[in-house]
Amino acid sequence: MAAQDDRAQAPGKQRPQSPPKCDRPPQLASLYVGDLHPEVGEADLVAAFSEMGDVASVRVCRDAASGRSLCYGYVNFFSHFLASKALACLNYSKLKGKPMRIMWCQRDPSRRKAGNANLFVKNLDPSISSARLQSIFCQYGNILSCKVAEDNGSSKGFGFVQFESEESAMNALRALHDTMLEGKNIYVSKFVKKSERTSFGEEPEFTNLYVKNLEEDITMDHLQDKFSEYGKVSNVVIMKNIDGKSRGFGFVNFESPQAAKKAVEALNGTIMGSKILFVGRAQKKAGREQLLKDAHQVVCSSRVQKSGCNLYVKNLDLSIDDSKLQGYFSSFGTITSAKVMRDDNGLSKGFGFVCFSNCEEAKRALNTLNGIIFRGKPLYVAIAQQKDDRSRNLQEYRSQIQPQSQHHSYLNPLPGQRYAPPYNTPLFHLPYTLLSQSIHHQYVGANAGLPYATESYREYHSTSVMP
């Protein structure tokens, strides 16, 4: 034994070295969890998914302003096997009384938005659930996501099935279109985005009209007589306030789309009493907001965005309104508009826009006021950008910092340091055991350090569990 030790320590001889330890964290397997009950939190996800094995992290995504759950989140496992097990066992299982919809997390949104392997299914019996629909379509290929649209827990009679490959989707379409399911002939087609449906489809038919600029003395009988000249009217209503006075607008519903269209063409822009009527198709709030958004983007792209005259201003005190914002910036030139953005309750969102008559004035205001204390807060001022430009700049910034963040271990931080996660790593970290843990809250802004005006309209509120 002594001879062996002498040989091991003889000159020119070296002990074999063990391979260096790898500090890189293990590759996490991420699941998307949708259709969550609004009251489901991170602790609920941990309790549900820990039955499958050790969970690395979870996150419930929340609205930045209200803190309310957006009803979806992410669960990360330490191994692909455990994530696959959770997907197979827990998909469509109920959490707080509502079935969860689980699928593999897709970091690249382009594949998800393309919709090449996505099918639209309608004329479904109300008894058909998402789980039942998936069991019918899964024989034609691997399904990434399957959902039956619901309203207050009741089926709306249609749904969506997204396959992994377009070939599988086409096989399912050919096999199941116009077949009987629970006594109904189901309709299966390729999913087409709403914008594309309206662009190369005919104008959607409508029977309900929105009428505004009505004088206070206009009654429902007046509207009934006026609009009946163009077809049979089934219903007329004038909206009134709590005092019973007319609010100046109402709705007229025809029995046929042809009559409604004729009424719009004939009466829109005509004079009734002393006011010019507006008559158009009645739309839901989401549709009206989309039209206003599209019109705003056209104006911005044609007049403002190209010239760089529009400034984005954030970190505003909640007491600042449009006039105060305009007054503060007016010393740098002629302001064509100043707007503080507000939520549905009329409360300031803390940011807004100031548009100058030319880009030199805007540049001078930017260079002077960016970082200046205004009502106790440092202003952030930048050239306003369209949403697509902000998203592209943010993606470029993330792609630059991602390779750097991969060199840091979040499982083995240096003594005295706390892990600062990369942008795409959920912030709810769990050790391999859930014993002797303490909870603290952490909030991370989405645009920290960015040189562009990339206001985050959604902030992830996450709860970290530290050993």
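Positions of Cβ are set from backbone N, Cα and C atoms, glycine also.
As written in TrEMBL, here are the features:
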- 1-25: region 'Disordered' (REGION)
- 29-107: domain 'RRM' (DOMAIN)
- 117-193: domain 'RRM' (DOMAIN)
- 207-284: domain 'RRM' (DOMAIN)
- 309-386: domain 'RRM' (DOMAIN)
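Residue counts for the domain 'RRM' (309-386) by DSSP state, with H, G and I taken as helix and E and B as strand, are 22 helix, 30 strand, 26 coil.
Counted with DSSP, the domain 'RRM' (29-107) comes out as 22 helix, 31 strand, 26 coil.
Secondary structure of the domain 'RRM' (117-193), assigned with DSSP and counted as helix (H, G, I), strand (E, B) and coil, comes to 22 helix, 32 strand, 23 coil. Helix, strand and coil counts under DSSP for the domain 'RRM' (207-284) come to 22 helix, 30 strand, 26 coil. Confidence across the domain 'RRM' (309-386), taken as the mean pLDDT and rounded to a whole number, stands at 89.
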